[in-house]
Amino acid sequence: MTNKLDRRSFMTGAAVAGVVAAIGQRAAAATADDPLTITLVIPSPVADVGWGHALAAGLDTVKEAYGDAVSITIIENIYEGPDADRIMNKAVADGTKFLVAGSFGYQNGAMQIARRNPDVTVLHASGFMVAPNFSPFAAQYSQGTYLMGMAAAALSKTGKIGSVSAFAIPELITSINAFVLGAQAINPDIECSVVWLNSWFDPAKAQEATKALAAQDCDVIFSNAQDTPSVVAQCEELGIYSFNLNSSMKAYAPKTYLGCVETDWSPFFKASVDAHIAGTFEGGNAFLGVADDVVKVVDWSADIPAEVMAKIKEAEAGIADGSFSPFAGPIMKADGSEGVAAGATMTKDEIVGMDWHVKGVTTPLPS
Amino acid sequence: MNAIEFIISGMLAAATPFLLAALGELVAERSGVLNLGVEGMMAFGAALAFIIVYNGGGHILAFLVAGIGGVLLSLLFAFVALGLRANQVATGLAIGILGLGLSAFFGKPYESYTIKGISKISIPVLSDIPVIGGLFSQDIVVWLAILTSAGLWYALTRMKAGLLLRAVGENPKAVNSLGYSVFALRIGAVAFGGLMAGIAGAYASTVYTPLWADGMIAGRGWIAVALVVFGTWMVGRVFLGACLFGAVSLAGIAAQTAGLSIPSQILTSLPYLVTIVVLGIISSNKRLLKLNGIASLGETYK
């Protein structure tokens, strides 16, 4: 069983718990048999799909493995900012020894907690700071979106594909670039339009953007960092293909769902909890992909031609064993200059910091 | 379909959530009551409507219940702000937060579920015109919203009830001295505001974006309140402002897909800028502004 708390009930308990906490914490430290308390803090509600769902599902695996030896609390709907710092501090004061900070904006607060509490292990999503007991983690979505691009190019009749994306930050730009590079591996002339919503969360705007892309003849849409099925459901209605990240939305588009670049955090969470319990946890930058079993492409559309599927599987195997990278040169930038020279391959750090579009993306990047 | 056709065919539907909520708020403010709880009433209506459609209750019942939900919240507002004579701004904000909370509470089991929207009604002949034909193919709620705008304009300028409502906003004492109950008139106006906000929310969650996600109203209630003020409490201008806002926000998206080299941040802020500038210019006549401004807006009547 996973306990779910929302902000309100959490705060109701806070008044009483504030007094009890100090005593409780000492008691927890005194008895070694007490379960390891794991707390996940996320900015959005946990739904049946999406980012929060993927993180919660990862912790479910830890729970299955350890049973009563761990106790998991999920605190959802916590805005990034001082509120989050307070709530994470409170969770640690209440005995949390393993904290998963599920959003980039929690970084500074979570890092402070890690520094002040050397016995607490902190995992932080999408960040860059590292400490001995603090690991940032991120998924290499680009490995999956590259494969999706190959499928998209095979199914696109117009030679135009599109993406509805939240903010123009490197993580999302990289996903789009890989998507386009994968598409160009099948159809070198393919073009991609991007709509930047400049909002993490606005389903209505996401659907407007989907319609706008369809009006421009884009017939495969990449729902980039959209936590709701807004784009996927709209594509089903318009009869065009779509795919998304994190968790499968096939139920929302049974006919036109291309597939899902799924993130399965369970191997990473399990390994981190194992290390925490064994006392061997070492903070480091966890940039995880297909080889780590974290990024997987699932629910492939049955419409993808068999010969393309064979190529996709080949590329997937290459990515998994490290013999192939979506970001192997030569890669041209959208402005016509050279991005990656022939024979060179982008390093992980370069991929993480990618702030330019590859050739074939027709929408200019907001600067 | 090109970008222009996309904007023309989509702008009325994009404007409808703003328009419906703004018309309701316009009536409430015309009576002299400032209810800032529109965002919350919309969210509450949106959640109720979604739950009903998802459970097979149909769109008509959904809109009805959403409207009633909005009315209930607005009556709570009226009880505190008019009955107990609390500060209207503070009460409105509180009701708004309450509405958002209720929507999150009731909507929780339905997080990220989707439903089927409703089909469009095309006006024959007109909808076949090239380029602008899309304008005449809209869902029924859009048509009703336009009719409501026209009806409201007629009522506020030509009918006794409308004039009485305006009088209550301008000079409640005078209306009272004529033997009308200021309290009753204002409650009616506030309830109408709640009704329209609830319906606007229902449109957003069951027709325009047929899915439920906590926080999906995403500030549209606030834009509706702003439209009323920038439209100087006149139905025609509010209608224009809503359409403009809808059209420009679609244009911003269309410009991105067309590959125009304008930063997307500017395109995203464009609807706000354009609406403020255009309505600002329209209402720049100081004498008219004074004439249109509502004398007793936000004041407690004792």
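Indices start at 1 and increase along the chain as displayed.
Cβ coordinates are placed from backbone N, Cα and C, and glycine is handled just like the others.
Taken from TrEMBL as is:
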- B:6-26: transmembrane segment (TRANSMEM)
- B:33-54: transmembrane segment (TRANSMEM)
- B:60-82: transmembrane segment (TRANSMEM)
- B:89-107: transmembrane segment (TRANSMEM)
- B:140-157: transmembrane segment (TRANSMEM)
- B:178-205: transmembrane segment (TRANSMEM)
- B:211-231: transmembrane segment (TRANSMEM)
- B:238-256: transmembrane segment (TRANSMEM)
- B:262-282: transmembrane segment (TRANSMEM)
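Outside the transmembrane segment (B:33-54), and at least 6 residues removed from its termini, the chain residues within Cβ reach (under 8 Å) are 17, 21, 24-25, 61-63, 65-67, 69-70, 73-74, 77-78, 81-82, 88-89, 91-104, 106-107, 110, 113, 115, 186, 189-190, 193-194, 197-202, 204-206, 210-212, 215-217, 219-222, 224-225, 297-298. Here the transmembrane segment (B:6-26) has Cβ contacts under 8 Å with residues 35, 38, 42, 70, 131-135, 137-139, 141-142, 145-146, 148-149, 152, 192-197, 199-201, 203-204, 207-208, 220-221, 223-225, 227-228, 231, 233, 235, 238-239, 241-243, 245-247, 249-251, 254 of the same chain, all six or more residues outside its ends. Annotation: stretch B:178-205 has the most Cβ pairs under 8 Å to the transmembrane segment (B:60-82), among B:89-107, B:140-157, B:178-205, B:238-256.
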